[in-house]
Structures are given as structure tokens and as C-alpha cells.
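Visitor: The annotation transmembrane segment is assigned in TrEMBL to 12-31, 65-90, 102-130, 249-271, 362-380, 425-443, 455-475. What TrEMBL records for 488-509 is region 'Disordered'. What TrEMBL records for 499-508 is compositional bias 'Low complexity'.
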Amino acid sequence: MGIKTALPKSELYIYTAVLSLALLWAGSWIIEASSENVNRKAVRENVKPGWHYFGRKMDASDFEWVMWFTTFRNHILFALSGHVIFAKICSMVSPKNRSLIYMLYGSLAVLITMGWTYISLILSHCIILYSVALVKRKWLCFVAGVTSLATFKMEPFNTWQEGFVTGSFDLQDVLFYGGCGFSIMRCMSFALENCEKKDGNYSFMDLIKYNFYLPFFFFGPVMTFDRFHEQANNPNLTRKEREMWNITIHALVHLGAILVVDVFFHFLYILTIPSDLKLLKQLSDWSLAGLAYSNLVYDWVKSAVMFGVINTVSRLDHLDPPQPPKCITMLYVFAETHFDRGINDWLCKYVYDYIGENHDAIFKELLATICTFAVTTLWLGPCELVYIWSFFNCFGLNFELWVAKLFSLPPFSTIEAMSRRIRGLFNAVNFWQIILYNVLALNSLDFAQLVAKRLLLKGFPLSTLSVLFVTYCGVQLIKERERRQALLDDPEPVPPPEETSYPPVSSVLQWDRTRAPLPPTEISH
């Protein structure tokens, strides 16, 4: 049983046709619901004037997206553009000190944006965690870091600390908790990496350079200290072939994604409609399934754009940041489900892989996932919704391990193509578990419950089986894409050419003796 198992082309063509028609059908239902209910009170409150010449209003439910690309668009562009220009000039003048220059610019930007009290608060946590790091005890560093993070995630400590920051503007809360949370994660990475350092300790200035790198400061992603320290202090600033071309293409792709989201917000009110439960009860099962799927796709696009813009800037600084999250459409396993690859890499390195090791033992894997989601729960902010999300995702991750172990045993492991189809059925169910478990965190518990009831209970068997079949088609297409990529990355060995077999010499001699002699006419010629 392997990833390189192929299916007939005709079967894949059928899957493609079914999936395409289903997506178009579900999309038409959502467009119709958006157009017909735009004047409902619950919908009208969350839309704003958009394209007047098309007579379309825009879904403005996502506060962060609206702030990033309307109110604070110019401020963000100014700060990041200044960083790029300033960093480029200074890197050309003194490439060895570029990490120090990044820190100075980042500290100045944070100071102007949030004030000196905010800087003082961040520095106080940095000093505490740096002092603990000098002890070089991993468990103590981790406990201190988790405690420090809890002061920003739990009452009354978070409100008390927020009171130190003066001023008021729309994104202040987002910037406050984003900067503080990511700073603590970076400090923990610094402390844990310092424990691994055999000779001496990293300096406090190394921590400050790491923490106040502006592109990563407020919104991440988290780049572990060992990688950042190595790359930011590398004086060799030569680029790979076509690297600038690739950076430009990625920047244009993210700009295109922003435009596509803007178009979709004028025709698909995928964020506003789920807030109106009365309207949701009137929609078809396919509309609800499409809405749930669209909510996750949008959150992935939002994360990909945000991290993509930040990554573009950091790549201009000769860094190799964590990649944007994997497309939600390509996910059918819990092990790859994440919207922040930086946090995912952090958790894997310091918690999940550290405890689970090779992830073969069931009980050790269970302990690793429980600890991982415990830290994740604290990172997201403890509440009932996050508890439910963490429980189901933790269960899903362990259930995958159990199923994988089952399929590694005979007779499943001996039936290649049929095994891929059987695994596809399990993966289709898994896909919708991922959607439902994450929708309740991204949207609301009521919306997730309504979708689950309609697809599993009221819609059974027609809606349930049809949605699962369409999902199964999508999963098999994803597996086919992964199969082709695996063949490119690790081509199957070409068998050596068969050697030409010649008859034994004795046989040739015997044949020469027995064959008829040539006629005299041919001998003469």
C-alpha cells in the first residue's frame, strides 16, 4: 500500500466532472441566497456599499480583513515599505550588522504605534524569560513561558496588563495581543534553544534582535530562534538563481488573491449568512455544506495572504520564513491541518515531536497530542468553544494513527488499488470532520451544530451520501496529485535492460555443420 498507487484515468475523469458540477451547484445556491436576502436585517447590518455600477454590496463581517485593506492599508504598507528600503540600504552598508538594524527599525515602529509602556511591558517579559533561560533547564523554561503566556490569555491578568497601554484605535486590541502572544512564543523558543547550546549562552541582545524583527512581530509567523539566528547573522547575501523572480511572482499571486476575495465578497456573503440562524434553516443542505466549506477556504486564503505578504518582505531580507498554510481543499488528514505553519512548526519541534518521538507508539502519541493541544488551547485563549475544538481535533489526530496502523496490516496492505479506494472513503469522512471541528471555532457552535444535524440526521441518506461521494471524488483527485508529485520527487527505479541471450558456442558449431552448403553460383559471387 503506497502513495504511488494509480487509478484508471477514466475513473479520475468521472471524479473531476462530479466535483466540478457539485461545486458549481453549491456556489449557485449561495449566490442566490446572498442576492435574495441582502435586505434582511441580520444581513443588512453586516454589508456595506460596494460596487455601485454593478449594484452589489460587500460582505464586511470580517473586522480584521476590512481593517487591513481599508482603514489601515496605507499604514501597513508604509511600515513594511520603510522596513524594506531601510533594511536594504543598511544591509548594503553593513551586512554583518543587519540583524541589529532590523531590531532598531522594528523597535522604533512598535514604539510609535503602541507607545513606550507597551515596549516596557514586552521587555519585562523578555527579561524574565531570559533570566530563566540562563538556568538551562528545559522544563523550567517551558513552565515559565507557559505561565507568561497565560497572563495574556486569562483574566484578570490580561486586562491588568492591557491597562498599561494608553491610546485607543480600531486595531489596538489585535496588535496588543498579537505582539504579546508572539513575543512570548519567541522568548520560549529562545530559552529552549539556549538549553541546547553547549558552550555558554546566547546574549540578551540576540533575544531582542529576534523578537523585534518588525515583519514577524505583530502577526507572526513564528520562526524558531535557531533558524532566525543563523539566517539573520549570515553575512553572505547572495541570492539563488531566479530567486527575485520567484519573490515577485509570489507577491503578484497574493495581490491576485486579495482581488479574488474582494470579488467573492460582493457575490457570496459567506461570513454574514451563517450569523442568521433563521435564514440558515431555510437553505438547502447543499447550501449549508457549501457555506461550511467556504468559511474554511476563506480563512485559509486570509492566512495565506497575511503570511504571504509578511514572507515576501522577510525573503527580501534574505530569510527563509515558514511557508503559508497548506490549502484547506488539499487537507483530508488532521496531521496536516493548521492555519499557521509557524505555530505548527513550533509546536511540533518543542512539544509534539519531543514527546511523541517517531509517533509509532499509540500511548506516547496520545500523550504528545494531549500536551500539544493543551498548549494550543492556551495560545488560542481558554474558553468553551476552544475546549470543544481542541478535544475533537486531538481525537481526530489519534484516530488517524489507529486507522493507519489498521491499514498497514494484511489483508489491507496487500490490496493496492482497492486499499486506496477504501482509504479514500475514510478520508472523505475525515475531511468533513475537519470542516465541522474548525467551523465551530471560526464561525459559531450553532452554525456547526446546524450543519451537522442537516447533513447527518435530517438529510440522511440522500444529502449525507451525496456530499460524502462528492468529497470522496475530491479526495481521490488530491491523492492523484500527491501520487504524481511523489513520482517526481522519488522516481521509481528503472529496471536494467535485459541482456541479449546468445546460444552456446557448441550449438552454433552444430548448426554450422548441419546447415546446407551454399550453391556454387553464390560462392563465385
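Quick reminder: no glycine exception, Cβ is built from N, Cα and C everywhere.
Annotations in TrEMBL come from automatic prediction, not curation.
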Visitor: Counting only residues 6+ away from its ends, which parts of the chain sit with a Cβ under 8 Å from the transmembrane segment (249-271)?
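Guide: For the transmembrane segment (249-271), the sequence-distant neighbours (Cβ-Cβ under 8 Å, at least 6 residues beyond its ends) are 27, 30-31, 33-34, 38, 43, 46-47, 50-51, 54, 56-62, 65, 69, 291, 294-295, 298, 301-302, 304-305, 308-309, 311-312, 315, 443.
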Visitor: Between the transmembrane segment (455-475) and the transmembrane segment (362-380), are there at least three Cβ pairs closer than 8 Å, leaving out pairs fewer than 6 positions apart?
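Guide: Result for the transmembrane segment (455-475) with the transmembrane segment (362-380) is no.
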Visitor: Go through the chain and flag residues at least 6 beyond the ends of the transmembrane segment (12-31) whose CB is under 8 A from any CB in it; none is fine as an answer.
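Guide: The answer is 267-270, 273, 283-284, 286-287, 289-291, 293-294, 469-470, 473-474, 476-477, 480.
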Visitor: So what's near the transmembrane segment (65-90) in sequence-distant terms, Cβ-Cβ under 8 Å and 6+ beyond its ends?
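Guide: Contacts of the transmembrane segment (65-90) (Cβ under 8 Å, skipping residues fewer than 6 from its ends): 97-98, 101-102, 105-106, 109, 113, 170-171, 174, 214-215, 258, 261-262, 302, 306, 309, 313, 316-317.
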